[in-house]
Amino acid sequence: MSKSLQLIVTVLCIFTILVLGEICLAKGQPLEEMVECKEVLWPEECKYDACAFACALKRHGKGGCLEGPDYRSACICQYACKRS
């Protein structure tokens, strides 16, 4: 067996063992109950694209503009969080 082929087989075996180990570890851990949380990212005038980007960046969620009672829009971020 050539050295390069031997190296490739070794790397693939190590990678497979690591992946299988991670899968076994993940199966053994209980899932935490997640709920939907909302957060006002900024209360001033909302631009939808900026709001969606900020929410995805900050909380890995989905952002949108919501009009408040005083007819101003705010950036509302919805994301999954742990139940407290």
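Here, residue 1 is simply the first one shown, and the rest follow in order.
Glycine is treated like the rest: Cβ placed from N, Cα and C.
Here Cys81 is paired by Swiss-Prot through a disulfide bond, and of Cys37, Cys46, Cys51 its partner is Cys37. Cys55 is paired in Swiss-Prot with Cys77, the candidate among Cys13, Cys24, Cys77 named as its disulfide partner. The record in Swiss-Prot lists a disulphide bond between Cys75 and one of Cys24, Cys51, namely Cys51.
The disulfide-bonded residues under consideration are Cys46, Cys77, Cys81. Their Cβ neighbour counts within 10 Å are lowest for Cys81.
Cα to Cα, Cys65 (disulfide bond) and Cys81 (disulfide bond) are separated by 20 Å.
Cys65 (disulfide bond) carries a strand DSSP state (E or B). Taking only the Cα positions, the spacing between Cys75 (disulfide bond) and Cys55 (disulfide bond) is 9 angstrom. When Cα-Cα distances from Cys51 (disulfide bond) are compared across the disulfide-bonded residues Cys37, Cys77, Cys81, the shortest belongs to Cys77.
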